[in-house]
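Read through the structure below, which is laid out as structure tokens, and then see the notes.
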């Protein structure tokens with residue numbers, strides 16, 4: 001473990017001396033938490049400007065412009081319609097009219113904000129809502145009627161007043177809904193799913209919307225859970241119908257009893273209990289035991305050299321097939337090697353296997369048939385095994401020879417060529433038979 005390099009020397013009074021550097025971990029004055037303490041994950045960088053902030057700033061700017069235009073229109077009406085004395089200058093008239101015009105223009109917004117605040121507390125606030133509507137109507141009416149001699153100005157300033165009030169109304173309504181959501185007094189909005197999902201799975205979509213709104217699930221987990229619940233309900237309904245028919249059939253001899261049983265039984269609850277007690281894993285294991293393939297010939301339970309199984313194997317094989325099994329040891333070992341190759345790829349086609357190993361398709365077909373009957377599992381041809389059985393029954397010496405341990409079937413390799421002048425194992429068997 002290498003030690004940390006020494007800290008550089010900083011003379012007193014240097015600006016860098018005021019900076020607190022992190023100390024080595026494990027020191028006595030280490031302000032950092034130990035390595036075993038959980039380190040909080042780094043916070044995700046905040047977006048520079050959220051879309052909601054953009055919308056609120058844009059709406060607020062638009063409201064200021066509309067409110068200012070409506071205020072100017074009301075000042076204009078006051079200066080133009082009020083009979084001012086000749087000694088009051090125009091700038092004084094504007095100042096005098098500006099204050100009541102601002103009260104007239106902003107009073108509707110203020111009373112509307114009070115109404116929304118009281119509504120967020122659970123009240124109806126009809127008084128403030130009515131006062132706000134009257135105030136706004138008065139402010140817009142002053143602009144419209146005050147400029148009645150000029151249609152363009154009348155419509156323009158009236159639109160500005162209505163627009164300013166509408167912007168303020170929408171903003172305060174949104175704030176009120178946010179407050180209600182924070183208190184949990186408003187339901188969550190329904191999720192939006194694709195139209196193809198709604199057309200294909202209308203029941204699933206309705207249940208997913210219920211899960212989102214009423215139970216607080218997220219949008220896509222709610223859709224997956226809704227699919228599972230719809231499947232479960234379909235299975236339960238089918239099982240309930242079957243249980244009802246079975247109970248009716250069981251008590252068919254007594255009509256009154258059958259009616260009582262059917263009428264008093266909640267088959268949906270009965271189906272739920274049956275499904276809850278159903279051992280799915282146990283039934284899967286039981287069915288799996290019925291679907292097991294035959295025992296593999298290379299497994300330790302079967303080596304292919306059991307003479308007791310020879311008669312059963314030969315009895316199950318067609319006679320035409322037995323005549324095609326090689327009796328010569330070299331040819332038989334070649335078949336065993338080809339069969340071992342064929343077993344490594346059970347899906348290989350006979351034509352492809354024959355082409356790969358320079359065989360005729362018919363010969364490859366016979367190898368597959370013979371190997372499938374487990375007649376290529378032993379290291380001896382069936383003929384030699386029959387000779388062993390026959391001689392062991394009549395000759396004690398041969399039985400002792402046959403009782404010696406024989407090689408087991410392991411990894412089958414390509415048969416090596418027999419040395420010249422040396423008889424094969426099948427020839428040894430024939431010579432032993434002749435000698436006997």
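Each Cβ is built from the backbone N, Cα and C atoms, and glycine gets one as well.
Per TrEMBL, the listed range annotated as transmembrane segment is 126-145 (candidates: 126-145, 186-205, 206-225). Checking TrEMBL for transmembrane segment across the ranges 90-114, 240-264 points to 90-114. Highest Cβ contact count with the transmembrane segment (58-78) among the listed stretches 90-114, 126-145, 151-170 falls to 151-170 (criterion: pairs under 8 Å). Listed as Cβ neighbours of the transmembrane segment (151-170) (distance under 8 Å, sequence separation of 6 or more from its ends, same chain) are residues 59, 62-63, 66-67, 69-70, 72-74, 76, 105, 108-109, 112-113, 136, 139-140, 143-145.
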